[in-house]
Structures are given as C-alpha cells and as structure tokens.
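This report refers to the structure that appears directly beneath it.
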Amino acid sequence: MTLKELVVGFATQVRSIWMIGLHAFHKRETQMYPEEPVYLPPRYRGRIVLTRDPDGEERCVACNLCAAVCPVGCISLQKAEHEDGRWYPEFFRINFSRCIFCGLCEEACPTTAIQLTPDFEMGEFKRQDLVYEKEELTISGPGKYPDYNFYRKTGVAIDGKSKGEADNEAKPIDVKSLLP
C-alpha cells in the first residue's frame, strides 16, 4: 500500500464521518406511520365505496358504465330489476388486488354511487380477501354528495316544456334519420 492510497483512504473515512455528522441532526424523513397519522392530499383516491341516496335506497342502477371504463377489468356486476322497474345490481364485485385506483369508475358513474374514499389500509394475507362484494362496499350514507338523488333529477318533466325546449338542453336526435 502506497502513501497516496493511505492518504486517499484516510480522507475518504474522514469525509464519510463528516457527512454523517452533517445529517445526524436533520429532520427525519421516515414517518412513524401507525403512531402518527399520514398526511393525505385532499383529492387522494383510496378505497371504493357504494353510496346510498338521501332516501336510503342504493344509488347504483347497474348501468355497467363503471365496469366498461375500468382499464383493468376489476369491476363486475349483474343487473336486476325491482317490481317498480328500478334497476339495481344483483351482485357488485370489485377485485382490489387488480384495482389501480385511477378513479375512472367514479367519473363514469351517472348516479354518483361509486365514490373513492381516503381509506388506504386494505392489507390482507390472502388475495381472495381483496375481492369485495356489494355488502362490504355499501355504506349507510350518501358520501360526498348528500343532497343528490338521481331519480329526482333525471326524467323529471318540466311544466309547459316538451323534450329539447328547456334551457341548456339539446334537441332530441332522430336516430333513424342517421341510418344509411
């Protein structure tokens, strides 16, 4: 070992100790998660829930838009119909082991039945436990939109006006006129 190698090795050791000394009293980056709550941004997308309307009925009308827009295909449902003609999902299933929490299902839902919550603690030991059924997804309240009721807003006639005559409403399209 030459004198030059000895000096370089010693300088390297001194520099390492100096760097440790500089960083020893800085604020730690590690979060003590279970003891301290984690800061989540206001628009954080976490666990998906199904909500109810203000009347207590489930909002989902089984339109299948959420399953169609899901890029990984983790949502599956089957439509059924009540005696009064209202649609509802006979089963609604989300496989959270495949879900990427993109939020497209929430945007596609016309009834605001699907909502993403800031809940992120979904760790399980078995993958089968990450498949949530309708009973596990449905919450008792309306979620982010407490006053919205799909069946009170859609399909309600406006007194004195026929279809296409209301403000900000387009004229109905005659689909048969578009055919070749």
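Each residue, glycine too, has its Cβ placed from N, Cα and C.
A 10 Å cutoff on Cβ-Cβ distances gives CYS60 ([4Fe-4S] cluster 1 binding site) a total of 25 other Cβ atoms nearby, all chains included. CYS60 ([4Fe-4S] cluster 1 binding site) carries neither a helix nor a strand DSSP state and counts as coil. For CYS60, CYS63, CYS66, CYS109, the entry in Swiss-Prot reads [4Fe-4S] cluster 1 binding site.
Within the same chain, residues at least 6 positions away in sequence whose Cβ sits under 8 Å from that of CYS105 ([4Fe-4S] cluster 2 binding site) are ILE48, CYS66, ALA67, VAL69, CYS70, ILE75, ILE114. In the three-state DSSP scheme, CYS105 ([4Fe-4S] cluster 2 binding site) falls into the helix class. Feature annotation from Swiss-Prot assigns [4Fe-4S] cluster 2 binding site to CYS70, CYS99, CYS102, CYS105.
For 160-174, the entry in Swiss-Prot reads compositional bias 'Basic and acidic residues'.
Remote same-chain residues near the domain '4Fe-4S ferredoxin-type 1' (50-80) are listed as 86-96, 98-100, 102, 104-105, 107-115, 134, 137-143, 145-151 (criterion: CB distance under 8 Å, separation of at least six residues from the stretch ends). Taken from Swiss-Prot, the feature domain '4Fe-4S ferredoxin-type 1' covers 50-80, and the record attributes it to sequence analysis.
Sequence annotations record features per position, and here Swiss-Prot assigns domain '4Fe-4S ferredoxin-type 2' to 90-119.
The region 'Disordered' annotation in Swiss-Prot covers 160-180.
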[4Fe-4S] cluster 1 site, defined by CYS60, CYS63, CYS66, CYS109: further same-chain residues with Cβ within 8 Å of the Cβ centre:
VAL61, ALA62, ASN64, LEU65, LEU77, CYS105, ALA108, PRO110, THR111, ALA113, ILE114
When the number of other CB atoms within 10 A of each residue's CB is tallied over all shown chains, which of the binding-site residues CYS63, CYS66, CYS109 has the maximum?
CYS66
DSSP-derived structure type at CYS66 ([4Fe-4S] cluster 1 binding site), helix or strand or else coil:
helix
Around CYS99 ([4Fe-4S] cluster 2 binding site), how many other CB atoms lie within 10 A of its CB?
18
Pairwise Cα distance for CYS102 ([4Fe-4S] cluster 2 binding site)/CYS109 ([4Fe-4S] cluster 1 binding site) [Å, integer]:
14
With a radius of 8 angstroms around the mean position of the C-beta atoms of CYS70, CYS99, CYS102, CYS105, what other residues of the same chain does the [4Fe-4S] cluster 2 site pick up?
ILE48, CYS66, VAL69, PRO71, VAL72, CYS74, ILE75, ILE100, PHE101, GLY103, LEU104
